[in-house]
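The structure appears right after this line, and notes come after that.
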Amino acid sequence: MRISIQALLLFSVFVVATCGLVYELVAGTLASYLLGDSVTQFSTIIGAYLFSMGIGSYLSKYFNRNLIAWFIQIEVLVAVVGGSSSTLLYLLFDRVESFRLVLYLLVALTGILVGLEIPLIMRILKDRFEFKDLVSQIFTFDYIGALLASVVFPLFLVPFLGILRTSYLFGLFNAVVALVLCFYFNREIRWATYLKGTCVMAILFLMAGMVYSDKILAFTESLNYPDKIVYTAQSPYQRIVLTKNSHDYRLFLNGNLQFSSADEYRYHEALVHPGLNGIEKPEKVLVLGGGDGLAVREVLRYPDVKKVVLVDLDKEMTHIFTHHASLLDLNRKSLLSPKVTVVNADAFQWIKTNTEQFDFVVVDFPDPGNYSVGKLYTNTFYNQLKRVVAPGGQVVIQATSPFVAPNSYWCVVNTLQAVGFRTLPYHAHVPSFGDWGFVMATLEPGFKLEKEFLPELKFLNKATFEQMCVFPKDMPGKQTEVNKLNNQVLVHYFEKEWGKYLN
C-alpha cells in the first residue's frame, strides 16, 4: 500500500524534530563531558540552538521555488552535519584554540538547518490541509518527536550505543527520509538524480561512521591521552577511560584524572587511615563513592571490620573493578570480599532511606564540578549523613585542593560545621594531583587519634599525619558561604578556582 504524500511529509516532521533534538542533546552532553558544568553547557547550547532555529525559520522566506528539492537538500545537510557532529567535537577538543566557538558554530549550523525545514514543510503542505489543521498536525508531530528524543536519549541511546553511534544513527534517519522523498517526488523535483546520489553518498558515509564508531572514538580519544588506552566504557553517567604506560595505570572519568596507580596509595591512605585508625573496634564501615574499591582495600586492612557497604551510583564503574585483571590486583579484589556489599544507587537518595549506623564513613565523591555532584556536598546531605554515624563514629571527606581551590575546600569545612560536625582539616601531597585536602568530622566532643598507624602503610605514620594537619601561610582558613541545595555555591567556587588555575 502506497503511503500518502501528506503522511510521508508529516512523518518527515517527526524525524526532523526527533533528530534535531538528539543533535542538541549530543552537543550538550559532549560539552558537559569535555568542559564541565552541565547546567551552563546545556543552558547555553539549548539557547543557541533555539535561537538558530529562529534564524533558519526567518531565512526560509527566501526560498520561493523548488521547495521539495530544497527540503531534501537541507535534510541531507542536517544528516551529515548532525551525524558527524560528535566526531568533529571529539577530534577538535584540545586541538583548536577556541573549542567553544567551534561548538557553538556547529550547534548554530544544525539549528539553522533544522529551523529551515519546518516552515518549508508547512508551505509544501499548505494546499493539502486547511490552515488550522496544518498547524495542529505539524506541531503535534514536532512535539511528539521531541518527546521521544528526550526520553530515549538518556535511557537507551547513550548507555547502549554511545554518543558517536547515536549521532550517526540519527543522521541515517535524516538521510533515509531524504532518499524516500526523492522517489516519492521524483517527477516534481529538479535534479532528482543528483539528489538521489547525494542521499546515497550520505547514507554510505553515515553507515561507515556507525560501523567504525568504536575505532573512530578510540582514535579521537587517543589524541587526548598521552598513554595507551587499554579500556573504555560509556555508562549512563560518565565516560570511563583507563590508560597504561610503563609504570602506571590511570583512570579518567569524563576526561578528569581519578587516580594514578603509581601514587594512589598516598591519597587512599590519607583518606582512610587517620579516621579509621582512631576507632577502637570499627566493625561497620560505609563508603560513599569510591567505586574503584581502593578505599575499601584500605578499610579491609583492619581485622575488626566485619561489614563494609559501598554505595556508588555507576554500576559500570564497580563492574570494571571487579572484572579487570590489573585493577583487581590494584584493589586486591576488595569488592569481591565477603565482607563487602556493593550498592549501585544515588547516595543522596540512598542515605535518606538507610536506617543502619556505621562506625566509620568514607565520603569519596568526585569533585563538585557540577550540580549533580555538588548536591552531595550540601548541608542537606550532611544533615542526613549525621544519622548514619554511630555514637563515637567518625567521617572523612575528600574535599579538593586547599592550594588550588581554597574557597572550595573551606566551603566543605564550613558546611560540615554549620550542621553540627566538629571538623579536623588536613592535607597531603599526591604527586599526580598536587596538594590535596581532606576533612575529618565527628559528632563527638573530640577526635580519637591516639593510636599508631598500621606498620605496613607505605606513606602514613603518626609524625607524617601531625604535619598533614598543619596548613602553611599560603593556605590559610577562609570564611565562605554554606553550600546549600538552593545556591550550590561550592560549584561556583570550584569552577572559578580550577578554571583560573587551568587557564
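Glycine too: its Cβ is placed from the backbone N, Cα and C atoms.
Cross-referencing Asp292, Asp304, Asp312 with the S-methyl-5'-thioadenosine binding residues that TrEMBL gives (Gln238, Asp346, Ala347) picks out Asp312. Simply put, out of 7-35, 67-93, 99-122, 143-162, 193-212, 67-93 has the most Cβ pairs sitting under 8 Å from the transmembrane segment (168-186). At the 8 Å Cβ threshold, with sequence separation of at least 6, the transmembrane segment (7-35) comes into contact with the transmembrane segment (143-162) through 3 or more pairs. Model confidence over the domain 'PABS' (208-443) stands at 94, taken as the mean pLDDT rounded to a whole number. Among the recorded positions His268, Asp292, Asp364, the residue whose Cα lies closest in space to that of Asp346 (S-methyl-5'-thioadenosine binding site) is Asp364. Applying an 8 A CB threshold to same-chain residues 6+ apart, the list for Ala347 (S-methyl-5'-thioadenosine binding site) reads Leu288, Gly289, Val311, Asp312, Leu313, Phe365, Leu376.
The transmembrane segment (67-93) and the transmembrane segment (99-122) are in contact, since at least 3 Cβ pairs between them lie under 8 Å (pairs 6 or more apart in sequence).
If one looks beyond the transmembrane segment (41-60) by at least 6 residues along the same chain, the residues whose Cβ comes under 8 Å of a Cβ in the stretch are 20, 24, 27-28, 31-32, 35, 103-104, 107-120, 123. If you measure from the Cα atom of Gln238 (S-methyl-5'-thioadenosine binding site) to that of Asp292 (spermidine binding site), you get 14 Å.
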